[in-house]
Each structure stands twice: as structure tokens, then as C-alpha cells.
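Trainee: Residues or ranges marked as 5-phospho-alpha-D-ribose 1-diphosphate binding site in Swiss-Prot: GLY82, 85-86, 92-95, 110-118, SER122. Among the features that Swiss-Prot reports, anthranilate 1 binding site is placed at GLY82, ASN113. Positions annotated as Mg(2+) 1 binding site by Swiss-Prot: SER94, GLU228. The anthranilate 2 binding site feature in Swiss-Prot is assigned to ARG168; the stated evidence is sequence analysis. The feature Mg(2+) 2 binding site is assigned by Swiss-Prot to ASP227, GLU228.
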Amino acid sequence: MDIKGALNRIVNQLDLTTEEMQAVMRQIMTGQCTDAQIGAFLMGMRMKSETIDEIVGAVAVMRELADGVQLPTLKHVVDVVGTGGDGANIFNVSSAASFVVAAAGGKVAKHGNRAVSGKSGSADLLEAAGIYLELTSEQVARCIDTVGVGFMFAQVHHKAMKYAAGPRRELGLRTLFNMLGPLTNPAGVRHQVVGVFTQELCKPLAEVLKRLGSEHVLVVHSRDGLDEFSLAAATHIAELKDGEVREYEVRPEDFGIKSQTLMGLEVDSPQASLELIRDALGRRKTEAGQKAAELIVMNAGPALYAADLATSLHEGIQLAHDALHTGLAREKMDELVAFTAVYREENAQ
């Protein structure tokens, strides 16, 4: 099926099969479609509402065309990632949580990009910290193996995305591609915490990842709108484990964490996000730093559980608390800065 045939189906509110979606995505991602066709396709899909089959097909093609990162093992390797678009503009929680996970003994294959609608994307934050982003796949793999955390810059590993960049920018609306980023980790991780911008996506995306071979995944959305675990409200979870998806909710109090507002955690730049994270991972001299530390732990703990390094969310959160409060997480951030600095010099030659 070509994109014109797909458009004809979509305007008649007919779904595509996984194979049909793969065919259309290959055309888009190899430069065979015009911007008008891509824009019409994305809006048509959104108006119709994307099915699990369609998302599976789109993800499969993006993974196929990605510049992958080969790791010696995927056991205990996890990604902590969100779709973004929650409008909260709080600091980069998932990036900070990644250093805590690494400090607790996990391996983090972090996939991310620059900010689209927010004030600070994961790439923006890490760049502000002095971490070199333009790494080859082999260099990323060494970071993960040696430091315990490595960052895969989406625009480096998903070069075919350039064909959809123009239409996405001109539309200025959430489209299918907002869902695809967290599902297309270049290292092929099978353990993830995926934050989404609406609760309605939790179970469908867990089912998508089940179809694509994931092993232990938490797809989450908090009641206050965050695409991650929150301190201020209950968080809805669709958990994929042992081949089954189940849904439930948790609150901070379930883990001995005080429920509190997110006031003071908003940032207006990557530098502001970095300063808050350094305080949270360091001596926590400010009230905001103390609160940020709690939120980081609330998100790092589930990642340790998803990585099967903890037998429960409660145990994962305790491990994360210990890793943060010993200062090891801050050391991991500094270690990644130093480790990637060597590659900055190598790649400049």
C-alpha cells in the first residue's frame, strides 16, 4: 500500500493493518512522500485515532531504520523516558533518575532529544552539564558498559526522521511521532519506564511493547498530568510483566514519601534544570532541591524494578533513595561528563 491508498482508507475511518502501516512508514522514512502527504497522513491518523496494530507497524520500521547500539547483554538494561508534552515545565526528572539507577547498579540506555514544547529536553540538559552528545553507537555502548549510563541522541540514531521534521514542525500538534520516540530505543532495551501525556495511552502502549518483545515495562501517567511518577497525585500504571499487562495506581504515601505540590520544581532553561538536579543529587541545600530529590527517587525506584534489580516498587524506591543520598548518583553524572570528554576530543580529530 502507498501513502495515497492509506489516506483514502483513513478519511473513510478505516484502520490499517500492521503490514500496511509498515509499507507507508517506509515510504515516509525513505523520502518518497511529499510534506503535504505526510502532514495529511499524520492528521488523519490522529483524527481517526491510532490502533495498536498501526503503532506496532510504525515502531517496527523506525527500529529497522535506526542506527542501533549493540550491547553485550540487555539484562538489567533499562530506559527511563517520556513522551513529553505534559506542559508542566518541571526539571528533567527522567535524566536525573538515570544517574540514580546507574549508581544503584543498573545500566541505563537513555534515549532522548532536544525540547520540542518544553523548556528543557534531555539532550539540552545533558549538553548544559558538559556531556558530549554526538557519540557513535560504539561509544554509547562503552559509556553504558563502563559508566552505567549512556545517552542516545535521537537525531543521531534516527536520521530518517528528517523526512517528517518539516510537516511535524508546521503542524505544531501532537502526532503519531510523539508516541514513537519512547518506543524506538536504538539499543532495543526490553526494560523501560515510559511516561505518557494521557492515561488513555498507558495500556495500549504497554500492549504495543508486549507485541514488540519487551519483558518488563511500566507505562505511566500521573493524575496531575505528568508523564512520570508524581509527588502530588496518584500515578496510573500499565505494567507489562511475565507476558501480561495489568493496571493499577500508586501514591507517594505507599512508599513512605510525603505527598506534596510540585511548586518550585518548574524551570525555564536547561541551566536552571541542571542547577536544581545538582542540588538534588548533591547536598540538597534548598527546599526545592530536597523536593526534587524525592521526585527523582520516586521515578528511579520504578526503573530499578522494571530492570528486575528490585522485586517490588517499594524495594526499588529504597534502593534509589540509598543511591541518591550516598552521593553516588552525583558522581555518576560527573563520571559521564569526563568519559564523554575523551570522545569529544577523539571525534574532533
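Keep in mind that glycine also has a Cβ here, set from the backbone N, Cα and C atoms.
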Trainee: Just to verify a number: CA distance, GLU228 (Mg(2+) 1 binding site) to ASN92 (5-phospho-alpha-D-ribose 1-diphosphate binding site), in angstrom, no decimals.
Mentor: 11
Trainee: At the level of the C-alpha atoms, what whole-angstrom distance separates SER94 (Mg(2+) 1 binding site) and GLY82 (5-phospho-alpha-D-ribose 1-diphosphate binding site)?
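Mentor: Just about 8 Å between their Cα atoms.
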Trainee: Judged by the number of other CB atoms within 10 angstroms, which among ASN92, SER94, SER95, ASN113 is the least packed of the binding-site residues?
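Mentor: Candidates: the binding-site residues ASN92, SER94, SER95, ASN113. Fewest Cβ atoms within 10 Å: ASN113.
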Trainee: Cβ atoms within 10 Å, counted per site: which of GLY82, GLY112 has the most, among these binding-site residues?
Mentor: GLY112
Trainee: Return the member of ASN113, ARG168, ASP227 nearest to SER95 (5-phospho-alpha-D-ribose 1-diphosphate binding site) in space, with distance defined Cα to Cα and candidates limited to these binding-site residues.
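Mentor: Closest recorded candidate to SER95 (5-phospho-alpha-D-ribose 1-diphosphate binding site) by Cα: ASN113.
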Trainee: Out of ARG168, ASP227, GLU228, which of these binding-site residues shows the lowest number of other CB atoms within 10 Å of its CB?
Mentor: ARG168
Trainee: Nearest to ASP227 (Mg(2+) 2 binding site) by Cα distance: which of the binding-site residues GLY82, ASN92, GLY112 is it?
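Mentor: Out of the listed candidates, the nearest Cα belongs to GLY82.
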